[in-house]
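Heads up: the structure comes next, in structure tokens.
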Amino acid sequence: MKTGDIVVSIAIVGLILMIIIPMPAFLVDIMLSANISLSLLILLLAMFNTEALDFSVFPSILLITTIYRIALNITTTRYILLKGDAGEVINAFGNFVMGGNPVVGFIVFIIIVFVNFMVITKGSERVSEVAARFTLDAMPGKQMAIDADLNSGMIDEAQARVRREKIQKEADFYGSMDGATKFVKGDSIAGIVITFINLIGGIIMGIVYLDLTAGEALGRFALLSVGDGLVSSIPSLLISTATGIIVTRSASEGSLGADLRIQLLRKPTVMFIVAGVLFALSLTPLPTIPFMFLSLIFVIAGFSIRKAELAPSQEQEDAASAQEDIEEIRRPENVLPLLNIDSIELEFGYGIIPLADKTQGGDLFDRLVMIRRQCALEMGIIVPMIRLRDNIQLQPNEYIIKIKGVKVAEGSVIFDHYLAMNPGNAKGEIEGIDTFEPSFGLPAKWIDGREREKAEIYGYTVVDPPSIISTHLTEIIKRHAHELLGRQDVKMLVENLKQTQPALVDEVTPALLSLGEIQKVLSDLLREYVSIRNLTTIMEALADYALVTKDTDMLTEYVRQSMFRSITNQFIPNGTAKVVTVDPALEKVIMDSLQTTETGTYMALDPSSSKKLANKITSEIEKLVSTGESPIIITAPVVRFYLKRFVEQINNEIVVLSYNEIDPTAKIQSIGMVSL
């Protein structure tokens with residue numbers, strides 16, 4: 001247990017003991033003085049706080065100080081009734097503050113209690129109730145604003161987490177303050193009741209047990225009771241004032257003194273008007289010197305404020321004039337912000353807006369965060385912030401996906417409907433609107449909510465509109481990951497790896513390869529859907545083979561061979577597969593057709609051979625897919641890269657692997673061969 005916890009625990013136990021066990025008079029004086037000191041400390045802390053959460057423990061302090069004052073009241077009541085005395089502090093308040101006159105003290109006590117209970121406490125209670133309600137009502141909007149900033153790239157996930165925690169703490173704080181103000185209100189009422197109990201009980205004790213006359217008993221116990229009431233009510237007033245300051249300054253950004261100085265002393269004209277009014281009052285039968293003195297002070301304050309405003313304003317005018325001249329000369333530069341292009345954009349019609357609005361139950365923002373996490377885990381890439389925009393030029397239920405400002409995909413959804421797809425084993429027919437699933441182009445139907453349970457029973461795969469959009473967006477990101485990966489992203493990945501593998505990174509870059517060359521290798525891997533999350537293996541392969549060649553295409557092939565287990569696990573997850581192989585004679589033809597230029601090496605078959613090869617590949621892949629297998633072609637390592645570039649023109653979904661990229665434990669069966 002920490003020291004602070006021990007001290008607080010001892011203090012709470014001490015408060016309970018004060019109620020039960022009589023205390024020496026000198027200790028009572030110390031506790032009463034500590035009560036005033038603690039209240040003053042809390043008031044000053046409330047004044048110097050810049051925001052409410054700086055003093056988030058305040059509701060708990062209100063409870064503790066309330067118990068503390070009640071314990072002191074019980075202790076002093078015991079002394080007043082039993083001994084007709086209550087220590088030096090209460091006697092001092094009775095004689096010095098009240099001038100020894102119980103009537104004066106009682107009037108002062110009533111004024112303090114009335115102001116505390118009817119003015120400060122009532123106002124603080126109402127402000128706390130409204131602040132708590134408005135804070136809770138504003139939480140969804142604040143959460144949406146944070147999500148929007150996160151998805152637009154203005155903040156990162158860590159900053160978003162801090163902001164969400166702050167919003168939750170604010171809601172908890174104002175909710176606690178709503179209840180804590182009841183402590184202050186109850187404390188004020190208890191102070192009045194205890195004072196009257198001390199007064200009436202003291203008179204009875206004086207007459208019955210101390211053999212005092214009614215007048216003597218009233219004089220002694222009235223002085224002590226009112227003195228005790230003042231000693232308790234003044235700290236209570238300070239605490240109530242602190243409560244009012246905290247709950248009424250929720251929108252402030254500075255301390256109370258700073259806000260007062262800025263807001264009260266910002267208008268010199270107001271100072272001069274007040275000075276004139278005070279000067280006019282000094283000419284009336286009212287006391288002349290006080291009003292003249294105050295009038296002079298306001299005049300001096302007005303001139304000081306005006307002087308402070310004029311110097312900066314002149315400088316600001318000169319600077320503004322110079323800036324306008326510069327802007328006039330450089331007017332074309334104003335369009336520079338318009339040249340920025342978002343890496344990924346999702347634009348949608350107004351009918352899809354509810355899917356992105358949390359107040360209407362939309363969770364599209366949360367799904368975007370999960371997409372970025374999923375791509376980081378599966379592909380090893382840092383997905384840029386995804387910009388969401390509503391586009392009135394689109395149909396209400398239509399959306400488009402842009403990569404670097406260019407539309408690459410589109411789709412449509414029907415709000416309050418579900419998309420049902422037959423995975424191949426569904427039994428029974430369902431009614432709906434025929435369509436195609438946007439991510440993979442599969443036949444599907446739009447069904448309403450009443451058909452959902454029926455479709456699931458029949459074996460259909462049923463998804464909601466947000467899932468359709470997020471799945472489509474995820475697939476587009478994977479297809480274009482090689483375009484999204486830039487040099488800045490590669491630098492971040494390499495620097496992250498350097499934290500754990502500094503020797504490896506230092507060996508590869510910049511000694512052997514530049515960031516651009518590493519980026520080219522990583523992009524080639526992503527182009528064929530190979531994850532780059534295992535960056536350590538990739539960099540190890542580059543360190544080994546960059547000494548042999550600087551050709552990034554060849555380096556990519558070496559990296560792929562080093563990642564044979566990952567590639568096998570990704571494309572042959574079960575360890576067994578039926579594939580199409582390539583005729584060795586065709587491999588020789590491809591090798592003989594290679595031509596090298598300054599920009600690289602490529603396969604240059606004559607048009608008739610290219611067409612014949614394309615038809616043969618298409619035929620063999622169709623046979624393979626008809627058996628339910630994935631479209632995979634296996635060939636020799638030396639021609640894999642060139643064959644893949646050729647196959648991309650036919651169907652980018654066809655996977656081309658080399659024998660060196662397959663785990664030796666995998667069981668491969670060839671059911672077709674590509675040949676010319």
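Cβ atoms are placed via backbone N, Cα and C, with glycine included.
TrEMBL lists transmembrane segment for one of the ranges 60-82, 290-312, namely 60-82. Residues 230-252 are the range that TrEMBL records as transmembrane segment, among 230-252, 414-436, 506-528, 644-666. Contact between the transmembrane segment (7-24) and the transmembrane segment (60-82) is supported: at least 3 Cβ pairs lie under 8 Å, counting only residues 6 or more apart in sequence. With Cβ pairs under 8 Å as the measure, the transmembrane segment (30-48) is packed most heavily against 230-252, out of 60-82, 102-120, 189-210, 230-252. Listed stretches 60-82, 102-120, 189-210 were compared with the transmembrane segment (230-252); the greatest number of C-beta pairs under 8 angstroms is found for 102-120.
Residues 11-12, 15-16, 18-19, 22-23, 25, 28, 31-32, 35, 38-39, 42, 90, 180-181, 183-184, 186-187, 190-191, 194, 197-198, 201-202, 205, 221, 224-225, 228, 231-232, 235-236, 239, 243 of the same chain sit 6 or more residues outside the transmembrane segment (60-82) yet have a Cβ under 8 Å from a Cβ within it. Long-range contacts of the transmembrane segment (189-210) within the same chain: residues 69-70, 73, 76-77, 80-82, 84, 109, 113, 117, 216-218, 220-222, 224-226, 228-229, 232-233, 236, each at least 6 residues beyond the stretch ends and with a Cβ under 8 Å from a Cβ of the stretch. Taking Cβ pairs closer than 8 Å, the transmembrane segment (264-283) reaches residues 291-292, 294-296, 298-299, 301-303, 305-306, 309 in its own chain, all 6 or more past its ends.
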